[in-house]
Amino acid sequence: MAEKLSEQQIAEFKEAFSLFDKDSDGKITTKELGTVMRSLGQNPSESELTDMINEVDVNSDGSIDFPEFLTMMARKMKDTDSEAEIAEAFKVFDRNGDGKISAAELRHLLTSIGEKLSDADVDQMIKEADTNNDGEIDIQEFTSLLAAK
């Protein structure tokens, strides 16, 4: 995944890595990660820091080296791209821009692409995605729906 990064991105990530790596030993420890996160206004617990490190710590040494950092950043960028795509798709459905997809909006879109569904079918689609039972689909429900596919 890190192989999809440009030379410029890698150089920028090397600079960021150096900011985290306070003692310049080529590794980011939970202590160093915590220091940087706190300086950015975050307040992670020790276990959260350990979890963050373990998520990308391929060689299980309890710290993040630069290749592991690149992998983590490439994943984050990929997630961000797909989040942006999901948000764009959501806007297509959310015609009035109120942050929710109503049955009427879903019905309109499906009709405009040639789908012939009954009101009951559209209501059932909304019901399946509507986890908070407010009769509409919000961005979180929409994202969960797409992630389940």
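In case you wondered, yes, glycine gets a Cβ from its N, Cα and C as well.
Remember, predicted model here, so these are calculated numbers, not experimental data.
Listed features, source Swiss-Prot:
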DOMAIN    8-43  domain 'EF-hand 1'
BINDING   Asp21, Asp23, Asp25, Lys27, Glu32  Ca(2+) 1 binding site
DOMAIN    44-79  domain 'EF-hand 2'
BINDING   Asp57, Asn59, Asp61, Ser63, Glu68  Ca(2+) 2 binding site
DOMAIN    81-116  domain 'EF-hand 3'
BINDING   Asp94, Asn96, Asp98, Lys100, Glu105  Ca(2+) 3 binding site
DOMAIN    117-149  domain 'EF-hand 4'
BINDING   Asp130, Asn132, Asp134, Glu136, Glu141  Ca(2+) 4 binding site
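With a threshold of 8 Å between CB atoms, the same-chain residues lying at least 6 positions outside the domain 'EF-hand 4' (117-149) that come near it are 83, 86-87, 89-90, 93, 99-103, 106-107, 110. For Asp130 (Ca(2+) 4 binding site), the nearest of the binding-site residues by C-alpha distance turns out to be Asp98; the candidates were Asp21, Glu32, Asp57, Ser63, Asp98. Neighbours of Asp134 (Ca(2+) 4 binding site), defined as other CB atoms within 10 A of its CB across all chains, total 10. Between Glu136 (Ca(2+) 4 binding site) and Asn96 (Ca(2+) 3 binding site), the C-alpha separation comes to 13 Å. Other Cβ atoms within 10 Å of the Cβ of Asn59 (Ca(2+) 2 binding site) number 10 in total over all chains. Nearest to Asn132 (Ca(2+) 4 binding site) in space, judged by Cα atoms and limited to the binding-site residues Asp57, Asn59, Glu105, is Glu105. Of the candidate binding-site residues, Asp57, Ser63, Asp94, Asn96, the one lying closest to Asp25 (Ca(2+) 1 binding site) when CA atoms are compared is Ser63.
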